[in-house]
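These notes are about the structure you will find just below.
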Amino acid sequence: MSAVPSVQTFGKKKSATAVAHVKAGKGLIKVNGSPITLVEPEILRFKVYEPLLLVGLDKFSNIDIRVRVTGGGHVSQVYAIRQAIAKGLVAYHQKYVDEQSKNELKKAFTSYDRTLLIADSRRPEPKKFGGKGARSRFQKSYR
């Protein structure tokens, strides 16, 4: 039994985490078990398509991508999915294709949007005393 060439990558945005399994196949792309064409919300569907459209659908004809996403809200999940797909494609090409095609993919992704490969490190600031949030203060009264 020969092992199917596969890689596993993840994408994160805020508290949403998407794990992508990229393996040799026939071009299927699924998110939480359903096709990528059914990603909700519909307005953000093209954000998920971005890695596919940037490099061309011919690169996806011989691989399958399965993405599992948990946590966060709708928008965070969409950004985590697109990052996981982009990182998975780069990792697959590095491991099983060649270095030149990997570098072409990385260059295409980073020139379009850096967050396709590098996670957004911003996190919520912790609340402090003297106010209801991190920066806002309670109203001051003089009399």
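For all residues, glycine too, the Cβ spot is worked out from N, Cα and C.
Remember, predicted model here, so these are calculated numbers, not experimental data.
So that you can see what the record holds, here are the features copied from Swiss-Prot:
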{"type": "MOD_RES", "residues": "Ser2", "note": "N-acetylserine"}
{"type": "CROSSLNK", "residues": "Lys30", "note": "ubiquitin cross-link"}
{"type": "MOD_RES", "residues": "Ser34", "note": "phosphoserine"}
{"type": "CROSSLNK", "residues": "Lys47", "note": "ubiquitin cross-link"}
{"type": "CROSSLNK", "residues": "Lys59", "note": "ubiquitin cross-link"}
{"type": "MOD_RES", "residues": "Ser61", "note": "phosphoserine"}
{"type": "MOD_RES", "residues": "Thr70", "note": "phosphothreonine"}
{"type": "MOD_RES", "residues": "Ser76", "note": "phosphoserine"}
{"type": "REGION", "residues": "123-143", "note": "region 'Disordered'"}
{"type": "COMPBIAS", "residues": "134-143", "note": "compositional bias 'Basic residues'"}
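Feature map: annotations from Swiss-Prot on the structure.
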residue : record               : DSSP class
Lys30   : ubiquitin cross-link : strand
Lys47   : ubiquitin cross-link : helix
Lys59   : ubiquitin cross-link : helix
Thr70   : phosphothreonine     : strand
Ser76   : phosphoserine        : helix
Return the residues near Ser76 (phosphoserine), defined as same-chain residues 6+ apart in sequence whose C-beta is under 8 angstroms from its C-beta, sorted by sequence, else 'none'. Lys13, Lys14, Ser15, Ala16
Lys59 (ubiquitin cross-link) versus recorded positions Lys30, Ser34, Lys47, Thr70 - nearest by Cα: Lys30
Whole-number Å distance separating the Cα atoms of Lys30 (ubiquitin cross-link) and Ser61 (phosphoserine) is 14
Rank the recorded sites Lys30, Lys47, Lys59 by the number of other Cβ atoms within 10 Å of each Cβ and report the first-ranked residue. Lys59
DSSP-assigned states of the region 'Disordered' (123-143) in counts, ordered helix, strand, coil: 0 helix, 0 strand, 21 coil
Taking just the CA atoms, what is the gap between Lys47 (ubiquitin cross-link) and the residue listed as 'phosphothreonine' in Å? 18
